[in-house]
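The Mg(2+) binding site annotation in Swiss-Prot covers D78, D80, D82, and the record cites sequence analysis as its basis. As annotated by Swiss-Prot, Zn(2+) binding site applies to C79, C96, C103.
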Amino acid sequence: MSDTWLNKVNWSADGLVPVVTQDAISNKVLMVAWMNPEALRLTAQTGEAHYWSRSRKKLWHKGEESGHVQKVKEIRLDCDEDVLLLVVEQVGGVACHTGRHHCFFKKLEQDQWLVTEPVIKNPEEIYGQR
């Protein structure tokens, strides 16, 4: 596969694009992350999500430590060509490093952020003590 399709993406000045990751079954948004061209290429080639970690400044294969990989069903590019959507099968049901199904587990109620989603698996069981 030629890489010309990568040039259609409007990468930011720092060479990144935001990625919304959605569960293929529930349609819930699981997480938002970032990709550089190499992460997108690897995702397309392997069928599993790869992202760019801005804090660690390195490629990150989702599930490399936890086993909770994301099997990619679709890769979509938005109308402005500057945001990606990954539709995935979330292996193990846990997408968030907090041990929850998705990262959007805090909901604004009145003037407080309330935790609305349970922990599915204790992060220490997933990653060990850090």
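Quick reminder: no glycine exception, Cβ is built from N, Cα and C everywhere.
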- Note on the structure: D78 (Mg(2+) binding site) falls, by three-state DSSP, under coil
- Cα-Cα separation of C103 (Zn(2+) binding site) and D78 (Mg(2+) binding site), in Å? 22
- Item | Residues close to Mg(2+) site centre defined by D78, D80, D82, Cβ within 8 Å | N10, L77, C79, E81, V83
- Task: Determine the Cβ neighbour count for C96 (Zn(2+) binding site): the number of other Cβ atoms within 10 Å of its Cβ.
- Result: 18
- Task: Would you mind listing, in sequence order, the residues at least six apart from D82 (Mg(2+) binding site) in the same chain with a Cβ closer than 8 Å to its Cβ?
- Result: V9, N10, S12, V17, P18
- Query: In sequence order, what residues of the same chain, 6+ apart, have a Cβ less than 8 Å from the Cβ of D78 (Mg(2+) binding site)?
  - Reply: L84, L85
